[in-house]
Each structure stands twice: as C-alpha cells, then as structure tokens.
Amino acid sequence: MTTDVSSTSESNLRILLANERKEDLRALGDVLDALGHEVAPFAVSVAEATELIAREDPDVAFVVLDGDDEHGLALISETVTFASGPVLVTVRQAESAETIARAADMGIAGYVDSWAPADVQGAIDVAMRRHREEERLHEKVAQLESALDRRAVIERAKGVLMERHTVGERAAFELLREHARSSGRRVVDVAQTVLDGHALLPPR
C-alpha cells in the first residue's frame, strides 16, 4: 500500500539505508516503500556502505543512529564521502546534541527525528531540492571558470601574436578569428595552438 504524498513530492527514488541494526532498517524501509521509493540493500558495516554506494548509486542515503555513536558517525562519514546524492540522518532513540552536531559537521543534508511518513517525505523533498540547487550552483561555477579559462587562453595568445607580428590587440584577435573561421575551429582552440607554438607564428 502506498502512502499518499503531495504531487510535488519526490517519488520513485532509490534510497540506501545504513545502520548495524537490521530491524531498524526494515522498519524505515517499510515507511519508504509505502511512500513509493525503492529501498536498496541494507548497509550494516562501513565497508558495506562503501560497496553499496558504488554499486547502487542511490539518490538518497539514510543513516540511522541508534546509540552506537562511533559506528553511526563512521557510517555517516563514509556515506557523505562517497554518495553522489544527499545523506540524511535519522534516529531510533534519543541522541546527544554533540553527536548530532558532529554529524552536521560531516556534511549531512538533514536530520529527521520522526518516522511518520509525512515527516520522512518532507525531509527527502527538502534534501533533494537543496541538492539540485547545489548542483546547479556548481555547474554555474564550472561554466564561469571555464569561460574565464578560455578568456585567459585567448588573451595570452593575443599577447604572443602582438609580440611576434608587431600588431595591435585588435589585429591579433582578428588573426585568431580568421584562422578559426577558415579552419572550422573555435577561437579558443586556435589560441591554444598559438600558445603551443603550432599556429600563426612567423619564424623568428
């Protein structure tokens, strides 16, 4: 039986559960299954968590804290390090504020203290939304860095051409652009060949 969730909620996610108490994992797995998610095989040990993340590539991972702080924190550390999606922490019994703070410092995406279906689904929705926003931000940063790198290559190539051809900045750029057009290549690619010493350079 599937629990009703909002039409805007995340669904059909592959979710990894990690904890040394399989009965806890089964209980949470039942909640997630009722919400319409696919539960991956359980990870009991740290080594199993690493192996399952590599094999299953889950959309979300849940680490259940059950009072064994060091084992739970080791699972969190390994899962956050290797999982491509967000990692949530939930509890089966009360945990110390220090343990939760240490988990937060490791980079978890959220903390769930209730296994009510609405609470679990709400935590997943928030974590996935933040994860996608972070991915978009990283993509924008990568695009910006790429654009700056391309500009730097072109500027350096223009400087080489200005020196070797004794021309101004505009003429140097025109040399790059004309060569790119005639060879069907991008200006940045031609600029890189200039820096590599293979194009548009007259003999010294």
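Yeah, the Cβs are placed from backbone N, Cα and C, and that goes for glycine too.
What TrEMBL annotates here:
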| type | residues | note |
| --- | --- | --- |
| DOMAIN | 14-129 | domain 'Response regulatory' |
| DOMAIN | 134-195 | domain 'ANTAR' |
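Residue counts for the domain 'ANTAR' (134-195) under DSSP, split into helix (H, G, I), strand (E, B) and coil, are 56 helix, 0 strand, 6 coil. Taking H, G and I as helix, E and B as strand and the rest as coil, DSSP gives the domain 'Response regulatory' (14-129) the counts 60 helix, 22 strand, 34 coil.
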